[in-house]
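Below: the structure, in structure tokens.
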2 protein chains.
Amino acid sequence: MPGAINQVDGGTITTARGFRSGGTYAGIKTYSDDKMDVGMLLSDTPCAAAGVFTRSSIVSPSVTVNRETLAGGHAIRGLVVNSGIANAGLGEQGYIDAKEMAVLASAAMGVKPEEVLVFSTGIIGVELPMTLIKSGVDETTLSETGGNELARAMMTTDTHPKEVGVTVDIGGTDVHIGGVAKGSGMIHPNMATMLCFVATDAAIDQGLLRTMLPEVADYSLNMLTIDGDSSTNDSLVVLANGAAGNATITAGTPEAEAFKAGLLECCVQLTRKLARDGEGATHLLVVEVTGARTSEDARTAARTIASSLLVKSAVYGADPNWGRLLAALGRSQAEAVEEKIDLFINGVCIMEAGKPIPFHRDAVVALMRGDEVTFRIALNLGDADATAWGCDLTEEYVVINSAYTT
Amino acid sequence: MPGAINQVDGGTITTARGFRSGGTYAGIKTYSDDKMDVGMLLSDTPCAAAGVFTRSSIVSPSVTVNRETLAGGHAIRGLVVNSGIANAGLGEQGYIDAKEMAVLASAAMGVKPEEVLVFSTGIIGVELPMTLIKSGVDETTLSETGGNELARAMMTTDTHPKEVGVTVDIGGTDVHIGGVAKGSGMIHPNMATMLCFVATDAAIDQGLLRTMLPEVADYSLNMLTIDGDSSTNDSLVVLANGAAGNATITAGTPEAEAFKAGLLECCVQLTRKLARDGEGATHLLVVEVTGARTSEDARTAARTIASSLLVKSAVYGADPNWGRLLAALGRSQAEAVEEKIDLFINGVCIMEAGKPIPFHRDAVVALMRGDEVTFRIALNLGDADATAWGCDLTEEYVVINSAYTT
């Protein structure tokens, strides 16, 4: 059926046809048996490409290089990533190293430097060990089943790789969309240290892809918050190589809508995986705001609630302390009228028209002890909805982040 | 010397002449030997009054009642506060109870309801027990040395009362300014659950006091952040009764500047005490931003850095992870040029003109293990400065807030 989206079991970025990837351990991160720290992705053919990057005013030169590369008009063939070191806060050397990393990876992959995007994630203020980067890219073996290696090579404090693959029926052709992502702290709306790479074998107009991607990000990765911190390196990129053989998707068509839905599905699934693996997290937190006057109100309210430390602490303690939802909603500056608000915790109504209603506390606590806690806030003012994803705040988060460099 | 500010040993709100206060235990909070939960302040004579309140769109009706009272044109005689219950999230009943609380307190103090401000702090969504409030105000004994009791009666998760007193030489007369405040979670710029009461025996024009107070708040309590959450109840009020006998202070005079400096000193001292006693805090965090292009940039940058969870976690771990300062600065959207930034940790320069400079790591870690950690970020773009105060993020914060209602 046109537009039908299907999940691919064990899907990953190389679910998309005509892409190969791989990773290796180059010695940048502390060694462990399963660890990788350099990865690459290569398309057999040139790709349409789009990127969304951190809005921080202090960015890694890797981001700067990618912005230049994407503006340069070259078709993109692939990307390289290292984890362990962010290549940020280094003055001019960081820019030199980012350019050099593209040169090294392109040589290893047999393409041109201006066809390769570069990504780094990890600690700020330490120079990239270029010798290790070189040996890493030289030793990486690319394969059509290498998505998992790329996903592992991106990880910093992530406890497991994040991968997803879906197919979308575009005019009778199943196109594949696959992605990998890494978190897991310093994540907040506007691309926090979050790297997300999506590959698709769809043929799609590059201009359309570049218009579509920020819109998709605004309802997926930009609604993810772990700790309110954004980073210097956050990036979401999509490469589309056309290997599926569909007629090129252009703006204003049903095919464009269908592809956008598939891309959104892929990004939302990755967003949920990132949230669930937030540093120290024990619960996935989902905040749904409905009936806002404007989309911006819905998005702001959902994100503010999902990033409230008090809300996050209450989720950790399975404490139905809904006053904190109201307080966070109030400070979000989204339009809200107290007498119109309904609140639900995992489907149980606990406030109606601004008045608390008696609920079976033990039952709600038991629901909140599950894997996933969903707060729904119905503002009943308009028809704009938004969902934000986050996680609880735990002692473990503090432990992880109080001694990260030591 | 005109304008000289002197600290009053053991200073508190009743350091100001002509004010009496007291507190009692009415049974609203769980009992402990030293606990109080209802307090009052009474001036012998009518006061000029000013208030700054939460900017949340969802406010406690107590705040609404105070806004109405201050707009009503009555001279203010005193205030009443309870801790344990916030009187918020209750629909219309909260408004009725806030009005009733003013009636009960005014009767106990022998003044009119419209001369009394009302404050509540604590859990949201539970109705005020008006019988307990009534017995509390009836049992409270007011005295000229009762500031400490008022400070204790406001406390929620605070570990100790916050009090300060100063004198300021206004045209040869020593006027007294004293204050009490309570935190200690849900504190953030724009008046988070923070109550701060200031009394002064200065004679000052009420219009001037109302112009001055928001400006003072913007460089003291509005630069305080514990956990990024604002509350429905946050309030800063000043009562001025003129008992010092100075010529009434009017706008545009050296006396107005001198009084403003004294009021700021009082509020900054309370801000520091609140930050140091943030929930679970083990360090006072001070973030100084200098050389910003605009005041707004300086304030935004300082607050964003002081409220970064990653920065706060690093302070807890005495970890000089300055990359997190840069990342927080970047996302603050304050204008910053990486190549111009100098960074200092407790006076030690660790970055100059955007480049990390080698520093003796062990020495900086040792400095950070002290009571107070100061980050100074010199933007070198203009001449605007700002300071923000906060605290570290500890496992204890999570423990306190994951089981607050249970």
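Quick reminder: no glycine exception, Cβ is built from N, Cα and C everywhere.
Those TrEMBL annotations? Automatic predictions, nothing curated.
Per TrEMBL, the features are:
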- A:Thr193: active site, nucleophile (ACT_SITE)
- A:Thr156, A:Lys182, A:Thr193, A:Glu279, A:Asn401, A:Thr406: substrate binding site (BINDING)
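Closeness to chain B is evaluated for the binding-site residues A:Lys182, A:Glu279, A:Asn401 by Cβ distance, with values under 8 Å counted; counted residues in sequence order are A:Asn401. Minimal Cβ crowding within 10 Å, among the binding-site residues A:Thr156, A:Asn401, is found at A:Thr156.
Cβ environment of A:Lys182 (substrate binding site): A:Ser83, A:Thr121, A:Ala151, A:Met154, A:Met155, A:Thr156, A:Asp158, A:Pro161, A:Lys162, A:Met194, A:Leu195, A:Cys196, A:Leu274 lie under 8 Å away, each six or more residues apart in the same chain. Just so you know, the Cβ of A:Glu279 (substrate binding site) picks up 28 other Cβ atoms within 10 Å once every protein chain is counted. In this structure, A:Lys182 (substrate binding site) is part of a beta strand by DSSP.
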